[in-house]
Amino acid sequence: MVGIVVLGVTLVVGVIIGFAVRRRDGKVRAVKQVVSDARAVVTSDDLGVELGERVTLVQFSTAFCQPCRATRRILHDVAEMVPGVRHVEIDAESRLDLVRRFDVMRTPTVLVVDVAGNVVKRASGLPRKADVIAAVGVAVDGPSHESSHQSDSV
Amino acid sequence: MQIDPRGPRFGAAVTTLILAITLVTRSPWLLALQAVVFAFGAFDASPYGLLFRRLVRPRLGPPSELEDAAPPRFAQGVGLGFAIVGLIGFAAGITPLALGATAAALLAAFLNAAFGLCLGCEMYLIIRRLQPGRTQ
């Protein structure tokens, strides 16, 4: 009897987790800008390569990550398509310092970084190409175009 | 190594069924059997994978794309860990431990079978994060 109850509860929890993850997966979210925190800024030293001329797409990956490959393909396509956009892939395991600094819990996690190194948007899970392109647009224009009162918090 | 992603998914469905029966019958032998399957899976030799290649794949079309074998292999190792904890629970007569660990493995297998979500893979980075930091 206990076993049947445990089985039922486990399956219900599984369905809830499954739909919750599916809903959130790959969603490109806005990132609150903390202007005073230098650690929140991505530098070329962090990445080991120069930032993109306009936008850098920083992808955290691990060897044990199913959607990382598809994510790589999408970001690569966007970088090819939109001039000034660079795609940088980081092996999360060898850069745990960055993983902790940018609070990466899952792979793939994508940071959309503007020319000044600010993380404008982020997504975990496989993002949709259209969402990435839209986020790149926001990063190029600067966050002030999306929300005018963000500069007030300086 | 590249594999047909439907193989691990099929394996997860069989695993879900076996672990569900384990919970209902509270049979340590069934869990031990699944633990052996996990152990083979952790070395890329899952019996369920063999079953898939022999019986299921010939009836399906070719896969739309292949995927890396490393994530599902790692997840099989995580499953083995839970199965061993569950077996310790059965052996020591600690029923909540036995059922809890079995339920955890069942949850992971069910999420993989029903949603294609690899819980073991998700745990990988979180486990690595908990380990002492390296600066670079």
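Think of each number as a place in line: the chain as shown, counted from 1.
Backbone N, Cα and C atoms are what each Cβ position is placed from, and that goes for glycine too.
Non-local neighbours of the transmembrane segment (A:6-22) in the same chain are 125; each lies 6+ residues outside the stretch with a CB under 8 Å from one of its CB atoms. Sequence annotations record features per position, and here TrEMBL assigns transmembrane segment to A:6-22.
The domain 'Thioredoxin' annotation in TrEMBL covers A:10-141. Regional average pLDDT for the domain 'Thioredoxin' (A:10-141) in the model is 91.
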